[in-house]
């Protein structure tokens, strides 16, 4: 079996919004990597034993006295180092060079001229018509390197940035002022491949097939003949977790599927058919709609609704786990961004951005060991593994659905009537997006129930019924988003179908808010 962790890249995070993109690109190349805080200890770096190190960009200025610095050991570890943007600047400063605040800041597209051929830029050229090789890149910096450290050479420049890239080939230290990790940099992936594969010498063992083989072997070693319980939601993460565990331990996996009354139309039936009938998983189907809706009566504040939904889920899950007296392990679909965001890194420096629905939250007295087979994986990697395990592409590529489900898509107090209405309206919305070819053109689309009534006309009579809002957005990273410009005739068709086919809805509106200032979900 290939050792998928034998060659690995350490990425030190200086706070760039693009840092996770670096990790995803390295994984895409086929090499394992981890993302750690910039002030990681020498002992941790030695223990990780990286094949190469990448220093990310960041919002700070190297000209400030207390700005972040890479650990000195990074430059004494004997492995190649690539500094990106701020990473290049701190490399230059720490090795004896000089940086200054630029009078001309560069943000956006730029063309860099390659001055010297080094291993990083080998075979790269975005302008074959020019006598001098050029790259189309994405810049985002206010400082610049003005004096090179000893033994470095300038390898690229722009009209306003004389040192756009530098290298010390003897020590295998490289710096680029632009961002190769973003798709706007045309040959960015090729540049990173040059660093990771050619300079660091990493083998490309990080593939879906190898990851599955490694995960199954590790699960067998961790769990043995013990029994495992998993909350199966039908979402991508829990589904892939279930199939990996099923491959490793078979019937010793007990999946608990909780129908809380807040799911999409026919979702419970689809989950049972897919995982019970097709894959043969051992599934406990808990019909708990009344229990959830009773607990949510009178609660209209979004965070209070989330917490109550989470509490009732834990109670239901706990009730089921007590019936399984032989269970020793709890499986969760925690993925790598959850680990990064939830203060679970080795350095303890990461700060909690939000509480994730599947990180923690179960009673301490359950005394179960934790199994998290996806905790090293990004979402796109989980999807690729799901595909390799036999999950259908349409399920893996379905738009995101929040953990609390319709609980945050029914504004205000949650009632069964409201859930039923928004469920039917949303099914029509999705059906028409699929039929028109727009479903995969947008990043996320859904329907929101508004707890207000509006007058309408049906035949010769007037009716006073509820309002729903359609929401569709386009985004790359879900950090920012644009509202999707769906064709008017498509919106008109969806609106007419909802009003005519869903008894109780008299008006359909379309949300044209971007993020920021609005969030993608309404609650």
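In case you wondered, yes, glycine gets a Cβ from its N, Cα and C as well.
Remember, predicted model here, so these are calculated numbers, not experimental data.
Per-residue pLDDT, averaged across the domain 'Glutamine amidotransferase type-1' (8-205), gives 93. Summarising the annotation, Swiss-Prot assigns domain 'Glutamine amidotransferase type-1' to 8-205 and lists sequence analysis as the type of evidence.
According to Swiss-Prot, the feature active site, nucleophile maps to 85. For residue 85 (active site, nucleophile), applying a Cβ distance below 8 Å and a minimum sequence separation of six or more within one chain yields 16, 56, 57, 58, 140, 141, 176, 177, 178, 179. Residue 85 (active site, nucleophile) falls outside any helix or strand according to DSSP and counts as coil.
Sequence annotations record features per position, and here Swiss-Prot assigns active site to 179 (among others). When other Cβ atoms within 10 Å of the Cβ of residue 179 (active site) are tallied across all protein chains shown, the result is 24.
The active site annotation in Swiss-Prot covers 181 (among others). Counted within 10 Å of its Cβ, the other Cβ atoms near residue 181 (active site) come to 28, all protein chains included. DSSP assigns residue 181 (active site) to coil in the three-state reduction, placing it in neither a helix nor a strand.
Residues annotated as domain 'GMPS ATP-PPase' in Swiss-Prot, with sequence analysis given as evidence: 206-398.
According to Swiss-Prot, the ATP binding site annotation covers 233, 234, 235, 236, 237, 238, 239, on the basis of sequence analysis. Residue 233 (ATP binding site) has a Cβ environment of 25 other Cβ atoms inside 10 Å.
For the binding-site residues 238, 239, the ranking by surrounding Cβ atoms (within 10 Å, all protein chains) places 239 first. Excluding the listed site residues 233, 234, 235, 236, 237, 238, 239, the same chain places 232, 240, 241, 242, 333 with Cβ atoms within 8 Å of the centre of the ATP site Cβ atoms.
A simple way to gauge crowding: the CB of residue 237 (ATP binding site) has 20 other CB atoms within 10 angstroms, across all the protein chains here. Residue 235 (ATP binding site) and residue 181 (active site) have their C-alpha atoms 28 Å apart, to the nearest angstrom. Residue density at residue 234 (ATP binding site): 20 other Cβ atoms are found within 10 A of its Cβ, drawing on all protein chains shown. Looking at residue 239 (ATP binding site) and residue 181 (active site), their Cα atoms lie 29 Å from each other.
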